[in-house]
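Here's the structure we're looking at; comments come further down.
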Amino acid sequence: APAWLRRLCGCLLSERLLRPNGVQAVVRGVLEATGGGAGAEAAALDWRKCDAVAKILASCPQQCLSLEDYYRQVCPQILDLLHIQDKVAARQFQRVATTTVLTMAREHPQLAERHLLQPLLSPLLRCSEAAELAVEDLAAGTMLVSEAELGSCVEDVLKVYVVANDSSSLLLGSLQSVLGVVFSLYSFAKQNVSYLRSPCQEILLWFLEKAERERSLAVLEGLAGLGSTVPTLHPRCRVCAGSEGGATIAVEDTISDEDEALYRKISSEQCHVQSLVELLSHCQKSGLAGDFFIHCLKELAQVAAEDKVAPNLAVEPEESLLELEKDQARQERKLLVLQLVAALCESVSDTVFTDIVQVQEFVAAVLQRACVSPAQGPGAAAEAQTLAMAMGLVATLLGGAVQLQSSDFSVLKRLVPLLEELSHTYPEPLTQELASDLRIAICTHGACAPSTVGTAADGVLGRKPGMGARSPSGIPSGAPSPGGSRAPPQHRQSNPLAHRERSTEQSTGHKPSAIGPTPAPCADSPAPAGLQELLVSAYDPQPPARAAALRHLARLVTQQDPEALRFQEKLLQVFLENVQHEDAFVYLSAIQGIALLSSEYPERILPVLLAQYECPAQGTEDAMAAVTRMKLGEVLMRITRALGDMVFQHREQLIRTFLRGARDPDGALRASSLSNLGELCQHLGFQLGSIVQEVTCCVTAIARTDPKAEVRRAAVHVVVLLLRGLSEKVTEVLRDVLLDLYRLLKHVVTAEHDGATVLHAQLALEELDTIMRRVLFPLQTLEKKIIVLP
C-alpha cells in the first residue's frame, strides 16, 4: 500500500482504539474475515493475524499524549477480551489478549504490572494477608470476593499464565504474590466439590515447574507454613462454597473460644499438608518432590540440633515471656515439620528420587541428624533403623547394584566428612566400623571395599549381610548354631576387636587357622566363620539384613559351595523359620533358598516339606499356619518346575498332599492347594495315570458344593490347566472322565453365580472344543510318496 494510505489507516485505527470499547472494535474489524476458515492454512492465518493485532495494541500511537495514559485507557479493555462469550471468536480474542499482555510485560514491565497484572489479580490480592485493605475493620460475614468474580479471576490467571506459558520474571513474581490464596482455594476444592480444583492445581504446578528450583522449594516451604515467602490467605478470611459449584471469600468473626480456635488451626494445617503432598505427587518425575523431601529432612535435622542446644540456654527473668513465645513458635514449627515428613513418607512413592544427587542429599540428611543427635531414648530403635537403611543404600550403590561413573563418586565424596564424624562419635562400634569402611570405599572409588561393603546387587548392608546392622549380642535365643547347639555366652558377647581381626583376615583372602586336625564333614562340626556370620545374620531383626543373608546363602547353594552343602539341614531349618516372617522380601528370599536346596537334594528335603505342608507346627495360630502352608505350597511348585520330568517319581506324594489341602477348613488354603494341583497336573500331562480319577472326583465335588466362590473358581481352573497340559492327549488320558468334566463345566456355566468362575468354565469349554475339533477334523496335508515297484 502507498505510504499515505498506511499513514491514514494508522491514524483511523488509533482514533478508534482510544474510544470506549475501541479495542474490541478494532480486534473484531481485523479478525472478522477469519472466523470461518478451514484447514491448516486458515488456522495459521488466524494466528498470524492475532499476533499482528496484539503488536498493534501493545504499541502506543502518536496521537496519545503519554504512554501512561494509553495504558490506562487500553489495559482494562484488553482484560475484557478474556471474557468474550461468543464461542466462535473467544479463542481468537483470548489469543490477542494474552499475546498483548506478554508483549506489554516485556516492553514496559512496570506499566504492565500496574495496569494489567494487578487488576487481573486484584480479587486474589484483596484477601491476601499482605493486602492493603484493613480486613479487621470489616464486619463479620462481609463478602470480599463473589463467586463469579473469583471464578473469572482464576480462569483469567490460567489463560494468561499457564496457557500463554511465558515464564518471565515479571509474570512469576506477580503470580507468586497470590499463590498462597490459590493454594487455599485448591485445598478447599480438594475437600469439597468445586470446579476450581483443576485450574488451581494447573496454576500451582505450572509455577513450580517454571520457577527455579530454589524458588520452588521456598514457595513449597511457604505453602506448608514453614516460611514467609508466600503471602497466604488472611487469617480473618474464609473460603466458602458457592451456589454454582465455585467458591466465595468472606470475612469471618474472631473466635473467642481458644479450644475452638486451636482445633480450627490444627485442622487447617492438616488439610494444607495433605493438599501439599497431593500436589507433590504430580512433581515426582521432575525431581521436585525428592528435593523437597530432602529439604524437610534437613529441616528435621536442624530441629533436632535446636532441641539439643535449647535446654542449655539460660532464660533471663526479664526475657522470660519473649523466650516463652520463641519456644512456643519453635515447638509449633517442629510439630509441623514432623507432620510434613510423616505425610511425605506415607504418600510419596519409591520413585521420589530421580538421580544419585538426590540419593546423596537424602543420605547426608540422615547422617547429619545421626551426628547431631545419636539414637537415644524411646525412639532410638527407629532412628537406628533409619541410619542403617541410609548406610545400606550407600553400600548397595558401592556394591555394584548401580554402575557408578567418576562423576557419581565425586557426588558421593560429599558424604566423606559426615561418615568420618560418624565413625568417631556414634556410640555403636559396628556402625562406626561400617561408616569408616564406606568412607574408604568412596575415597578409593570402590577399588578397596572392606568386608562390610557389599559386592552383590542384592547386598543391602555388605558382603557379610547384617554386619553393620547389629552386633552379635543380638542373636535371638532360638537361632540355630551351625554346630548343632546354641553358642556359649562368651561367644555371644560383642567383641569389636575380634570382629575387626576376623574381617581383616577375610578381606585379605586368608581363613583363620584352626588348631588341631581338620574336622570331618558332618553336620555336627562347627561351620567356617563366614558361614556362621551368614547364619547369625539370617536372624537379624532388620528385614534388609536378614533378606540379604538369606539370598547370600541361596547363592552359596547355587554355586555348590561345599561348606554350605555340609550344613544343608541347618540351612533348611533357617530357611523354614524365615518363611514364617511377615516381610515379603524376607520370606520370598527364604522360599527361593528352599527351592534351590530342594532341587539339589529332593529325596531328602521334599518329604520334610510335604510333612510340614500337611501338619503345620504346633502352637501357631490357624491364620498364621494357613499363610505358612500357602508359602510352602509356593515352595513345592518351584521345586516341581525345577525338577522337570524328574517330578514323576514324587507324583503321588505331591498330588495326595494337595488333595488333602483341598479339604482344609481354611478357604484360602483350599484355593491355594487347588491352584497348585492344577499346575502340577498341567506339568505332568500324560504321566498322570490312574490317579486322574481322584483328581476329577475332588474337583467335581468342590466345584459343585464348596461355599467359597474363590475355591470353586480354583477348582474350575484346575480343569482348564489339565486340558491345556494334555492338549490332544485328552482323549487318551481322560477317556473315562472326559464326559463328567464336560457336564461339570456346562453345569457351572448355567448354574454358577460367580462371574469369574463362569469365565473359567467358558475358557475350559473353549479349550475342550478346540482340542476336539483338532482330534475329529485333523489338518489335511498333502504328502508326496514315491513307491519303487519291484
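A Cβ is built for glycine as well, from the same backbone N, Cα and C atoms used for every other residue.
Because TrEMBL annotations are produced automatically, they should be read as predictions rather than curated entries.
According to TrEMBL, the compositional bias 'Low complexity' annotation covers 468-488.
If you look up TrEMBL, you'll see 17-286 marked as domain 'TANGO6 HEAT repeat'.
Summarising the annotation, TrEMBL assigns domain 'RNA polymerase II assembly factor Rtp1 C-terminal' to 531-646 (among others).
Positions annotated as domain 'RNA polymerase II assembly factor Rtp1 C-terminal' by TrEMBL: 737-770 (among others). Here the domain 'RNA polymerase II assembly factor Rtp1 C-terminal' (737-770) has long-range neighbours at 692-693, 696, 699-700, 703-704, 709, 712-713, 716-717, 719-720, 723-724, 730-731, meaning same-chain residues at least 6 beyond its ends whose C-beta is under 8 angstroms from one of its own.
According to TrEMBL, the region 'Disordered' annotation covers 459-527.
Counted with DSSP, the domain 'RNA polymerase II assembly factor Rtp1 C-terminal' (737-770) comes out as 30 helix, 0 strand, 4 coil.
Confidence in the domain 'TANGO6 HEAT repeat' (17-286), given as mean pLDDT, stands at 81.
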